[in-house]
C-alpha cells in the first residue's frame, strides 16, 4: 500500500514479531494437546506440541514478512489499469506475481554460499530482527537485562504508535515543519526554499517516522551503517540545496517547466494524454503521437535518470574492484569443498560458531531451487504465448538473465550497507531497445512487465537471502525456513492483489492528479515515474528519446558509473588512510536519484539520529548502544506500521472518514506554505 504513497517506509514485520510472541505463549498455555490425523494419509499433528519456542517464533515472523512484502507485479497491473484502461484477469495477475517472486527465490542459490554463511557480511536488517528475537528469548529465562530491554521496546512501541496518529492523520502539520514558511507564509521564494512538500526543505524538520526512515534516504537510521548515512546526506544536500535552486533560478537546462513533477507533459506544460497514443488493442498509435508531439519531462526527472544510470553500472564496477577479491576467495573455498566431496554447503568452509552449529541441519538441496525456477518459467511462458502480458517471449529470457547478473553485486552492497539499489529504469530501457523495431508489443505497460521480471529476480532473492541470514543467526533448520518462505507467498500474493485493487479504486483520483491529497502522500509518484519510463522507452523508443538534444547527455551516466569507481580505486591504492573505499559511488548516485517533487523533508533529522546512534553512542557509549539500539529501531519501525494499519482499519476500510480541516490540517497547505507555486 505504501508504494502508492510519497514516502515509502519499508514494511516492518516487528508488529508480527511482537504479537506472535505473546500470542504463541498464550496458545501454548491454553490450547488442548489433541493429536489430529490428516484423513487418507499417515500424517498427523498435535494442536499443542509443547511450549512456545524460539524457532517457532522466528518461522512465524519470517512467514508473515515474506507474505506481506509486495512484488513488482503491482506495477504493470496498476499502470495498465489506471493509465491505459486495460484490466488484466485476476487469475493471470496472481499467477504472474507468484512466478516473478519464485524466480527471485530460485536465484538465491547463486549468492547463498557467498553472502549468507560468510560471517563478514552482517546484513544489518537481519541483525536488528535477531536482536529482538534474542530479547524475547532471554526474557523467558528470567534475564533481568532482557526484561529491561523488553520494557524499553514496549514503551517506545506504544508511545510512537500513539504519536504517529498525529502526523499521519490528526495533525499533518507535524509531518513537515517549515520554519521559513512560518516566517513568510506568502513569500514565493521563502516557500520554495523552506517547503518540505514541493520545495527544497531548507531548515525543515519532519516528525513523521515515515519521512525520517524513508528508503530513499537509506531507511532506518538506527541500523544503517554511519558511513552509508554520511554518503546519503551529502547526496541529499547536493540535489536538494544545490541542484534544485540552480534549476529553478539559474537556467540550468532547457524546458524549465514542471521542475517538481515527475509526470510527462506536452510542450505547453499540460499533462500528456498517454491513453490516447495507445489504441484499443494495446498498440502504438503513430497518428496520435505525431499530433501531440514528443513528451517533455521536468529537469529534476532528467537528472534523476542520469544518476540512476550512474548507480547501475557503478554497482558492477565497485564490487569488481573493492569486493571482488573477497568474493573470489569465498568462491574458491566453496569450490574446494565441492571438489573434496564434503558437501555443497558452505557451512564447512567457515569455522565460526554459527556455521559449526548449522552443520547439524540438512541444507535445502539445489534441485528445489531448480524446480521452483522451472515451474515459474513455464507459467510465464504460457501466459506470454497467450498474449496476456504485453511482451514477447525472447525479452522474458533476457529479463531472467539480467536479473541473475544482479544478484551477487547488489546482494553484496545490501549485505554490508543496508542499501537497496533500484534498477527498474535500466531494465525498462533495455526492454525499449529490444522492441524498438517491432510493430507489435508496443503497449507502454510492457516495459514494467519486463522490469518486474528482471527486478524481482534480484529483489526477491535479496529478501530470501536476508531471511536466511536471520535463520543462520537464530539456528533455524534451512529446510523449515525455505518451506515457510514458499508458504508465505502462496498466501500473501492473493492478498496483495486485493490491496492493489482497493487502492486503485479508492485512491485513483489522487494517483492520477485529478484531486489533490492534502497530506501530500497519495500522489502515486512512483507509479507516475513508471508511466514516464513507459512513454519514453516504449512509445518514443530509446533512439528517438536519446536523439533529442534535451535528453542526449543522460546516456553518459552509464559511462560515468562504469569508470568513476576506477578513479576511486586508484586513489584508494595511493592513499589508503583516506578510506576512499567507504565513499561508495553507487550509494551516492542512488540517493541522488531520489525524486524530491512531493517530499524533501526527513533527511536532515535522519542524519542527526544516525550520528547520535551509529557514531556517538557506538563509539562513546557502546554498552548502551549494544543493549538498546536495535530494540528502539525495531519499536519505531513497528509503531509506524501499526499506526498506519489502525488508521486504515478505523478510517478507511469502510466509509472513508477524512480528518476535518483545522489549523494543523490546512487544506491548502499542511505546511502553511501558501505561496508555493505548482512548479
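Sequential numbering from 1, following the chain as shown.
Here the Cβ of each residue, glycine as well, is placed from N, Cα and C on the backbone.
Listed in TrEMBL:
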type	residues	note
TRANSMEM	12-31	transmembrane segment
TRANSMEM	88-110	transmembrane segment
TRANSMEM	152-169	transmembrane segment
TRANSMEM	222-244	transmembrane segment
TRANSMEM	306-327	transmembrane segment
TRANSMEM	366-385	transmembrane segment
TRANSMEM	391-415	transmembrane segment
TRANSMEM	556-575	transmembrane segment
TRANSMEM	595-618	transmembrane segment
TRANSMEM	630-651	transmembrane segment
Apart from its near flanks, which chain residues at least 6 from the ends of the transmembrane segment (88-110) lie with a Cβ under 8 angstroms of it?
-> 71-74, 76-77, 80-81, 366, 369-370, 372-373, 375-377, 379-380, 383, 388-389, 400, 403-404, 407-408, 452-453, 456-461, 463-465, 468, 485-486, 489-490, 493-494, 496-497
Which residues of the same chain, at least 6 past either end of the transmembrane segment (222-244), have a Cβ under 8 Å from a Cβ in it?
-> 124-125, 127-128, 200-202, 252, 259, 300, 303, 416-419, 582-584, 587-589, 591-592, 594, 596, 600, 603-604, 606-607, 609-611, 613-615, 618, 629-630, 632-633, 636
With the greatest number of Cβ pairs under 8 Å to the transmembrane segment (630-651), the stretch among 152-169, 391-415, 556-575, 595-618 is 152-169
Segment proximity, the transmembrane segment (306-327) to the transmembrane segment (366-385), 3 or more C-beta pairs under 8 Å | no
Please indicate, using numbers and ranges, the residues of the same chain that are 6 or more beyond the transmembrane segment (152-169) and have a C-beta under 8 Å from a C-beta there.
-> 18, 132, 135, 175, 206-210, 519, 628, 631-632, 634-636, 638-640, 642-644, 646-647, 651, 659
